[in-house]
Structures are given as structure tokens and as C-alpha cells.
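Undergrad: Take a look at the following structure, please.
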Amino acid sequence: MSLARANRLTPWMFLAPAAVIMAIALIYPLGYMIWGSFRAWDPSQTIGEAEFVGLKNYVTLWNDPNFRESLGVTLRFAFVVVVVEMVIGVGLALLLDRDIRGMSLLRTMFILPMMIAPVVVGLMWRYMYHPTVGTFNRTLESIGLPTVDWLGQHALLSVIIADIWQWTPFIFILSLAALQSLPRSALEAARIDGATAWQQIWHIKLPLMMPVLIVTGLLRLIDAFKVLEVILVLTEGGPGLSTEILALRISRTATEFRELGVAAAMSNYLLILLLLLTMAMFAFTRWQEARAARIRAASEDDQ
Amino acid sequence: MPEIRLDKLVKRYGEVEVLHGVELEMADNEFTVLVGPSGCGKSTTLRMIAGLEDVSDGEIFVDGKPVSHLEPKDRDLAMVFQDYALYPHMNVAQNISFALRLARRPKAEINAKVREVAEMVGLTDFLHRKPGALSGGQRQRVAMARALAKDSSIFLFDEPLSNLDAKLRGQMRAELALMSARVEKNMIYVTHDQIEAMTLADRIVVMHGGYIQQQGTPEELFKRPVNKFVAGFLGMPPMNFLNGELSERDGAVFVQGAGFDLRLSDAKAAVARAHSSRNVVLGVRPSDLTFDSAAPSDQALQLGVEVSEYVGAQSVLLCKAGPGRVTVEVNSETPMAIGETLTFAVNPERVHLFDQQSEIAI
């Protein structure tokens, strides 16, 4: 082999290990899932033995009111938790972005919920939500208020509260990091220009944090679509289908109903949804940049 | 156009006091430059006037009214920052008009003002660009335009030119001088660069170690520095200092040191006689030494020329004088032999004397 040829191959040789790992760990399982979603596949069969049914799994799911209900619950859950967590997390960061004694301790305490295993979080909240011995209802009773049927009538709300408790710190920490890396002098300039504290937040801090906030929100959204353990422990998807989010339905379809093909098709729907969301976000940023560039070009043509 | 007065201004960070009771008055429509080495307290003083730093003790008066409890926005001032402090997400026009928009001025007035100041600093073609798409010099102009648009009566500059390259700095310095002649404001300018101070100031305030060392017109400070620090800080290349001893012979006063024995002028001699200590530092600016082999020995220094730095019309000679070094500024046309010991005449009217112990001018 000539030296020139070896030189040309060098970059590919360095890329090869990464490519192999990616093929084994990502492309193979993904392809397996997509392939499986076109079959009527029982866990007792190998994928080769399963009957090929084309798009039947997808069509059945699309016409299944339970699946649509579950999709609706997932969307509601994800959007509510992400919006509320963003508001509280960013708000807290704006509030606590200052030098207070004991600030580092406070910050550490804030992120504790994030470090607890989701199953434990689920158990903890299940006890607190318990209709008779739970902390919430006993407190309500002791101050003479009517008790609330947390995990029955208000199951989705209760699940949402637990998720907000666990994941707001994530947004708080990232927002705080974004805030603290903002250019100090730009904020001082805004103070001299006459901006009140609110105007500094609205006109300077939030716009400058925006790139970080978009990525943070997107990460949380993707995560919220896949949440499983907390809800599994808290409600098992009930009562009825009121808290049966997609991840839970997928897991049950695969294990309880033993319909691997349908579960795979459902996973693909979720994957497509997340891909669309991510692409929409990137498209939006692109569009904004393009628009800014167009305005600039137009104004420079005028000169 | 208010008068600003600092009354025993003190700044402490915890236990450390960095400003020790600064007293200063800045008159109406005056360009004051605070100059000093880094850590001298000049920026802190400016930021206290702006309201960005709390006043630990003392008071700031604007037109006789105390302002140190006011927020920056209520002090009627504009400021240009060292790193420009532009709002990166706003275009040039939005940056310039931010203060006006916050004040809810009518749109037509804002647009007119943006056009006016953009024209003044030469930014008309860049109004729709974001700061990220501008060069350093252009960003500097945006910062200037933003401050001008506010129409405040006090104008603060915190080392505005120190992030620019040398050529641009010279150009912007000239433009600043032009602008300051046109707008009638009380301007306060902080820099560590003595050339900026000398060229721009109506009045220079030299600070060192949290104290004001001296204030006055550039000429006053250059010609009559009150102490060794001011003498060494202003002027380029810096003043030469030689240790010596005062002695009296034949009715005249001499300064005697390693390799020199200079006779003082009558005026200097009278002051020197009245001074208690005999140990002094002789200060001679490099430009006050002239190559003259015929100079009498009591009005000259014998210097061994070691290096000649050619800087165009002038050359700077680094010379050996006893244990120390002396720099001399000469016309580049004068032929100089490196390595030889030559005679340089000292203008006796232009020498400075400082007490060795206190470093205060005699």
C-alpha cells in the first residue's frame, strides 16, 4: 500500500471505532424496532418467524381511541410540566442570582430532588398523596379544609406536581449558569440607560439567556415525553386512562399484552413526534436568523 | 451642565480601604481625566459617581445636591465602558435608542435622534447590524453614540480606548477631542494611558494608591509635578531620576552624585537652601538633555551611550550614568556613536528636585 493511500485512509481509520459503536448501539436497535413494527410479533417468536403485516400496526393504533387518549395525556402532561417548570425555574434563578450568604448551600439543596431515583420519588409522593394517612390530606384536615382525592379525581394534576417538584431544579441550575455568564457591563449599561429591575429582566437578561433556555426547554420536553417510573409507581396509569402516558402504554403493550409489533409501532410514533419537535425548533431558529439577515441585507441595499 | 463635587469619598471592600477620602471638584463643561496605574482607585471613583458602586463614606454632590443614594438611572448621566457593554441581541439602532425607548419618547423623536448621533459618529450605514458583525472601532462608536443619544449632562468614560489597536486608538482619540469640543457636558474620563490624559484633558487628576496625587492642567502637571510619582508618570519616555546631594560652594548650590556635579539656577538654589534635608533626587526629562560636547561640566552629564532606539524623527538613547540608566531624546539626524561616553547639556531651568525620603518636590 502506498504512503499517499495510507494517508488518505487515516481519517477513516480514526472514525471507524466510533462508527462501529454507533452501528451496534444505535442504528441496529433502531432498525430492529422499525422492522419489528411492521410485524405481528409475539415475544415467544424470533423476529424472523413473526408474520409481516405491513402498516397494519400503525393503522390500528391510529384508529384506536385508547391510543389517542394516551397520546393526548402525554401531550398535556409534557406541555404543562415544561411550561410550569420553565416559569418557576427561570423565575427562581432570576430571584437568586445574587450574592447572599449561604447561597451555595441553598443551591445544593435546590438540586437535591433531581438526584433522587424516580422510583423513590414516586413512592414518596404516593405516601404523601395517600387519601387518609397522606401528609397532604392530614394537613388539610387538621386546618379544617375538605380533603382532596389526589390520585383519583385529580390524578393527572398530582402526577404533574410531582414531576415539577423533581425537575424544576434542572431548569433552575441551567438558567442560573446562563444568568451568571451574562456580560456584567451590559447590565450596568442598562441600569445607566434607565432600565428598572423588571425592564432589565425583560429587555436584557431573558433575550440573552434565550439560546440556553431553548435548549433547556427542549431537553425537558423530550424527557417529559418519555417519563415512566414516577407515574408507574404513583398511579399505574389510572384511574382509567387518565394518567396513562405513552411510555407506560408502550411498556404494558409489550409486557402485559405481549404485542411487540404494536409496541414498536407506538415507540416509532413517539420518536417521530420528538423528531418533529426538535426539527421545528431548529427550523424556527434558522428562520429567525434568515429573517434578521434579510432585514440587514435590505437595509444595506437602501444605502 | 452640573458641577460635580466629591466630598471625602471613601470606598471599602470588606476590611480593605481602596479610596481614602477623595476630594475633587469638576467644574461645569470641563473635560476631567482621572489617570493612574491600575489599582489606583480611578475606575472605582468613576463607578461611584455613576452609581454602580456604593459609597462607603463621604458624599457625591451634583449641583450641590447629594446623589449617592440615587440609582444610576436617576443621576442624569451617560457612560462609555471599556468593553463597550453593547446589548448583543439588539442592532445598532436599537442599542442607541434603548434609553429613549425606555423613557417612552415619541417614535419620530427617537428616529431623528438615532439618525443624528449615528451621523455624528459615522455609523449611518450600520444601523441594522448587530454588534457581533461590527469591528472593534465600530463597536466603540456605537457605545459613544448610545451615550450621546441620552442627552445627559454628565458623560463618563471608563478606559474607552484601551481595547483598540494602537492606530485606531490614536484616531479615536482625535475624534473624541473633536466631539468633546462640540458637546457641552461635564465629562469625566478614566484612563491609565498618560498620552490620552495629556491630549484630551482640560484638567488631569493623577491618582495613586487611593489618593489624589495632583490635579491641574496638563501643562501644569508636566512642568511642575508636586512629587516624584507624578513626575515619573506623565511624559514619554519617563523622567530620569538620579540620587544626589546638595552642597554649597562659591555662593552657588550644586547637586552632586555619581558622575555629575550640577550647578542649580538661582531660583532653584534659593528653594534648595531653604530645604532641610541634603539628600535629593534629581529629575531630568529625556527631552531636556541635549548633545553638546562644549557644555561646561557643571551644566552637563557624562553618559555612556549603550543603545539607540530609532523611532523616526527622534531617537531614544539608553545611556549608562554611574550605577543607573538615563534616557535621552535626540534628533535622529544627530550622529551618535554607540559605546562612547558623550557630554549632554542639562537645561538648569528644567531640572526637578525631590526629597529622597518623602519624594515630594522641593
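Cβ atoms are placed via backbone N, Cα and C, with glycine included.
No curator has checked TrEMBL annotations; they are predicted automatically.
Heads up, here are the entries from TrEMBL:
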- A:71-281: domain 'ABC transmembrane type-1' (DOMAIN)
- A:12-35: transmembrane segment (TRANSMEM)
- A:75-96: transmembrane segment (TRANSMEM)
- A:108-128: transmembrane segment (TRANSMEM)
- A:155-179: transmembrane segment (TRANSMEM)
- A:200-222: transmembrane segment (TRANSMEM)
- A:260-284: transmembrane segment (TRANSMEM)
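Mind running through what each feature is packed against?
TA: Long-range contacts of the transmembrane segment (A:12-35) within the same chain: residues 47, 264, 267-268, each at least 6 residues beyond the stretch ends and with a Cβ under 8 Å from a Cβ of the stretch.
Proximity of distant same-chain residues to the transmembrane segment (A:108-128), defined by a Cβ-Cβ separation under 8 Å and at least 6 residues beyond the stretch ends, is recorded for 92, 134-136, 151, 158, 161-162, 165-170, 172-173, 227-234.
Note on the transmembrane segment (A:260-284): residues 33-34, 36-43, 50, 53, 57-58, 60-61, 67, 71, 74, 214, 218, 221-222, 225-226, 246-247, 249-251, 253-254 of its chain, located 6 or more positions outside it, place their CB under 8 angstroms from a CB of the stretch.
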